[in-house]
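**Student:** Below, the features straight out of TrEMBL:
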TRANSMEM  A:6-28  transmembrane segment
TRANSMEM  A:35-55  transmembrane segment
TRANSMEM  A:67-88  transmembrane segment
TRANSMEM  A:100-117  transmembrane segment
TRANSMEM  A:147-168  transmembrane segment
TRANSMEM  A:201-220  transmembrane segment
TRANSMEM  A:281-299  transmembrane segment
Amino acid sequence: MELSGMLFYLVSFLIMGGIYSVICLALNMQWGFGGLFNAGIAGFYAVGAYSAAIITSANSANHVGGFDLPIVVGLIVAGILSGIVGWAIARICVRLKADYLAMASIGIAEIIRLAVINEEWLTNGSLGVSRIPRPLEDFFTGRESELVFFIFVWIIVAITFWVAHRLYKSPWGRVMRAIRDNEAAAESVGKDVQSFRIQSFVIGAIFMGVAGALSAHYFKFFSPDATEPLLITFLAWVMLIAGGSGNNKGAVAGALIIWAIWSMTEIITQQLPPDWATRSSYIRMLLIGLFLQFVLQRFRAGLFPEKAPKLNVKSHG
Amino acid sequence: MMDFINFYLIPGITLGSIYALGAVGVSMIFGILRFAHFAHGDLMTVGAYFALSAVWLLGIPALAAIPIAMALTCLVALFADRAFYKPLRQLPTIYTVIASFGVALIFRSVIQLLWGTESQVYSVGFQKPIVLFDSLRIATRHIQIIAATAVITVALNWFLHHTQMGKTMRAVSDDPALASVAGLDPEKTIRWTWIIGAGLAAIAGVFVGLDTDVHTMMGWNLLLPMFAAALLGGIGKPLGAIAGGLIIGIAEEICTYPILGESLISPSYKSAVAFVIMLLILIFRPRGLFKGRLL
Amino acid sequence: MSNKILDVQNLTAGYGKQAIIENINTNVSDQQIVVIVGPNGAGKSTLLKSVFGLNNRMDGDITFHGQSIFTAKTSELVPMGISAVPQSHNVFPTLTVEENLDVGTFAAPPQDKKATKSKILDLFPDLKDKLGQQAGELSGGQRQMVAVGRALMSEPKLILLDEPTAGLSPAYLEVIFDLLLQVRDSGVAILMVEQNAKQALRIADYAYVLVNGKNAYEGTGAKLLQDDEVRKSFLGGGAPQ
Ligand SMILES: Nc1ncnc2c1ncn2[C@@H]1O[C@H](COP(=O)(O)OP(=O)(O)O)[C@@H](O)[C@H]1O
Ligand SMILES: [Mg+2]
């Protein structure tokens, strides 16, 4: 019994760890490869989660949809819609320095949050969408269903990893990484490189949407609370940098390790006396904020440092 | 017509003043340190809460607490720069952007730990608006905020154009490499940037608290319009940022004004206005209205 | 040779770990215009930058008035009496001409700022009615004057100029060189890199030819102008003029 309890905990840990791995791999396509700063991950995640939820859930009187379509269709639509949002924003910002994209992506996340809360006909507002199915629910229930979902999530992780790896190996990927850290060269790059950057941003956005969809299916319920920027955007950044930006293995390792630390701090803070327990979430936020600073200053290359591409780019004299 | 002025234009100018004061810091940090400071909104929150403590402990009105809030907020900003931004100065600035993202979180969680998450007000009770020309009604707090912003604008303009540090800051913002060739001390300039940026952020934070209430998300929620204002005014153009802030504040209010019975957008989408303006600038005029620099 | 003020001895310098110039020797004495010529990429700008502390000095020594400045930072050199004008981007474009000049006094305030400014404006009378204009709006030649003017505002003993005539019309080139002679005669030594080698050598009291990061030739301007080898390789051939 004890053992199966542990196992059960491990499975649910690995499900969330897998979802975060997808986000981190997606972020790595944008930041690690292209130097494109996305501060609105939560927005793309929300687009994906709500698209999947609305498309696959059963009919509901409270909001549009309930199309009851297969989960795969939901995932695809989630990816496409999130990708379209990513494309629109990347088109505008990709020719400018990363800071502009950062600001615009904060904006897009904010607008999506507003829409999710206010457009009740679509999303049921702050009450959220419920009765979202999990794959093969008719055949497996309870813990078995968790196990099935765990396999499902990690198949998606594998697909994401494969796509990220292909991007990384592509000739353009090399050029991108070579110019990424060289602002002078990045400014003078031509249209082709810009379109590649848009491409990597869009592919990243697609997978962020897919990750959102996965979490909607996992929780079977999705409300605006679940798109809290802290939990999505911020943790993903900490994960990627700690794991090693530019390195796909690092992205997955970072996601799992940071998610483990994050989950453990929850267990620890639950042991605190009651009047501290209410503050525990702020303590965790503070610690993760400080941890990011530590990683940035002392541990920037991450657990799995990127092997720098060999390509000599001249700086301006 | 008077309804428009009383309920849309004046609140718009008030809101715009608050954006303006925050955006000055964003724009100066852009110009001199060359990064988008994601913790600037939360720096405003820090200022608002310092003033709150001063109001509680000393029993003074919020306006009188402003100098205390400014001083403490400056110290916080200088500390954050020393501890979190300076170590990354030699790297591509995007690392500092990421760090500031984390600093925003640090500020907010410390505030939540120390002061709790309940909304607070500086003073309870209702202030009667002042009535001018029979029908122009202005709340006292709106007069205070707008007047203070006007005075600060004049003072800032004088500082930037007539003092050595002001000219140094404009020079560094124009061309940091040439500034160091001219022997100007970059670290001293950076210190003054934080002092002014944080001081004005504290004022803006107190003003938000005066206008509505003090809560832990107040600053983060203002970040988007402040960035938009700084971009609209042109990066490294603090006075442009003030104009940008006013334009965005007024635009947000006007967009909810019912023209022909139907307002342009629903009030719940007010903050979308800033975002749309930001996108339009990035598409058509990345240097802003007043020919700022590109990052 | 008269009173040596700048003495670069066996200097090796570059960027990061990469040495660009090696074993360079250069001297500037009081009241001298010293010119450095050489092909593109020879390391001329690099030499000026390393004197001014803007890159990585690796080996050798640099002394100014007999005192080593090998480890001195830029912000320390300006108060010691050295100013520099970079090759490009050498004015603050949104500052007015007057403000550009003012910036020159911040690191090393002169005795009497007003007097210094009017002295410099007498040297560059073109700027007198442009004081309120943004420097970025000026013509190339006027910008160079603002740049040199800014460098002179701290009343330096030595100024380092990197290609002050780059991109200027031949007529303006003469104007600038004429001004530099006046600057020299007012008591400021000049170490200058020039692409327009022939004309520069004519006003040079002494000159060095830099090739591939190494000293190749040196001598008085007149001597180098006469030198067949130098003429053929670096001055586009032709008979001595
Ligand atoms: N900032 C820099 N970083 C690295 N290498 C540089 C830099 N600036 C110049 N170089 C290199 O140093 C060499 C000499 O450049 P430079 O001194 O500018 O030549 P010159 O002024 O004689 O034309 C060139 O090969 C150039 O590529
Ligand atoms: Mg050169």
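A Cβ is built for glycine as well, from the same backbone N, Cα and C atoms used for every other residue.
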**Student:** Do the transmembrane segment (A:147-168) and the transmembrane segment (A:201-220) share at least 3 Cβ pairs closer than 8 Å, excluding pairs fewer than 6 residues apart in sequence?
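**Tutor:** As far as Cβ distances go (cut-off 8 Å, pairs 6 or more apart), the transmembrane segment (A:147-168) and the transmembrane segment (A:201-220) touch.
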**Student:** How about the transmembrane segment (A:35-55) with the transmembrane segment (A:281-299) - do they touch, taking at least 3 C-beta pairs under 8 Å (6 or more apart in sequence) as contact?
**Tutor:** no
**Student:** Relative to the transmembrane segment (A:67-88), which of A:6-28, A:100-117, A:201-220, A:281-299 accounts for the most Cβ pairs at distances under 8 Å?
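**Tutor:** Top-ranked stretch among A:6-28, A:100-117, A:201-220, A:281-299: A:201-220.
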**Student:** Please give the sequence-distant neighbours of the transmembrane segment (A:6-28): residues at least 6 beyond its ends with Cβ less than 8 Å from one of its Cβ atoms.
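**Tutor:** For the transmembrane segment (A:6-28), the far contacts come to 38, 41, 45, 143, 146-147, 149-150, 153-154, 156-157, 160-161, 164, 203-208, 210-211, 214-215, 218, 232, 235-237, 239-240, 243, 245-248, 250-252, 254-256, 258-260, 263.
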